[in-house]
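As structure tokens, the structure follows; a few thoughts come after it.
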Amino acid sequence: MELLVEVAPTKEKAIEKIRKKYGDRVNILRTQRNNRSFFFGLIERVSVEIFFSVNSGSQSSVHEIPSVQSRTRVSAARVEDTEAEKIKILESAQRINAKIAQQVEPLISAAKEKKTEKVPTSPEAVHALTQTLEGMIQKITNSAPVVIAQELQSIQRIELLLEENDFSFSFIRKSIARLKDELSYHDLESFEKVESTVLRWIIESVHIQVPPICTGTRNIVLVGPTGVGKTTTLAKLAAFYFVTEPKRTGIQPRVKIITTDNFRIGAAFQMERYCELMGLDLCVVQAPVEFLTYMTLYQQETDVVFVDTEGRSPVDGQNIERMVEYFRAVKNFELEVYLTIDAGSKANDLREVFKQYALFEYRALIVTKLDETTSIGNLISALSEARTPITYITTGQTVPSNLEKASVNLLLSKLKGFKLLAEEMGNDYGDYGSKER
């Protein structure tokens, strides 16, 4: 029987977790309140540690040792067979813990040798033996925190690993709490188990969405903050459907491009240059009513319509609202809206982008500039909270070759320090990972 520990913010929660894992087969030995420091002492958290053992089968707990459970029962009558009673007590204690078993084994052997000697005596002798055993158990229990601190190095290691990958504080905090809640103490001792569990949660945080199959005209609209690369990304998408895809299918789709970006210097010129290279028409609209006119016209003569929008800061609520007017003008059309975000953005900034651009009812994300970031933790942290799927990822400036279908493995390739990463990336998540439709 092993000495185990459960950690929780309160004693009640710790006991609840113990009961959930082990049922009624537990024996609580000791409770300790601790102040633990995180992030190099900047944050302190109060926790309660409960040390306990688990009874299996017919094994007894410390509370089942004769005269510990009820001393009055022992003191009610004289003991006729002292050594037999000692053996019973010692064997009960032996099943609590391996360390205790090691210390009481010589006492059991000595008692068995004297078992034939029956000397009537008072219960005080048995009571003294019980007190000795209780002291032994308490001493071993008191030494447990040193062992536990070493065993919980796995928690400290995974916390540091997540920090090095730029995961947000909230993601790290939730992951550590979830580890302690869902894994047994035995599993927490193994860093390999801890790492594989956290890696699985990271994978589960990434949701992939396959582009829809449409029978009519597809109206693909890109929205997003300034500087994330919407115009270049839209050119890559247009080139994929107009140049790359026909080589595979043998079918040449009809493609049109519209831009509403009249404010950024050179934006329309940049898109016009891309269209000239691909032999596509570009329409620059100045107002929502003009946008409606061209969208209506293109529904009859085009297979795919791409719409580039002006980039605005997520805190520029006034101009974002003005952009919404364009969308209201075409509210009767089925729009395929994608929010374009920079892979290197901070988690807090991404949360704000998700919040402000929710007005556009985007269906999925396009993650840009994956090649320009060294850490992916901020992105995954934000994705785990928003649960917004990804459809495309860009990995460079080349049109159209640096546009890729979103995949779990592509994002995992940016993680650093996970020894089990190669094994996970060897799993077949398909072209789109965990698909959502």
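For all residues, glycine too, the Cβ spot is worked out from N, Cα and C.
As annotated by Swiss-Prot, GTP binding site applies to 224-231, 308-312, 368-371, with the evidence given as similarity to another entry. Within its own chain, T309 (GTP binding site) has V221, L222, V223, K230, T259, T260, D261, M323, Y326 as residues 6 or more apart in sequence whose C-beta sits under 8 angstroms from its own. Following the DSSP three-state reduction, the secondary structure of T309 (GTP binding site) is coil.
Counting every protein chain shown, the number of other Cβ atoms lying within 10 Å of the Cβ of G224 (GTP binding site) is 25.
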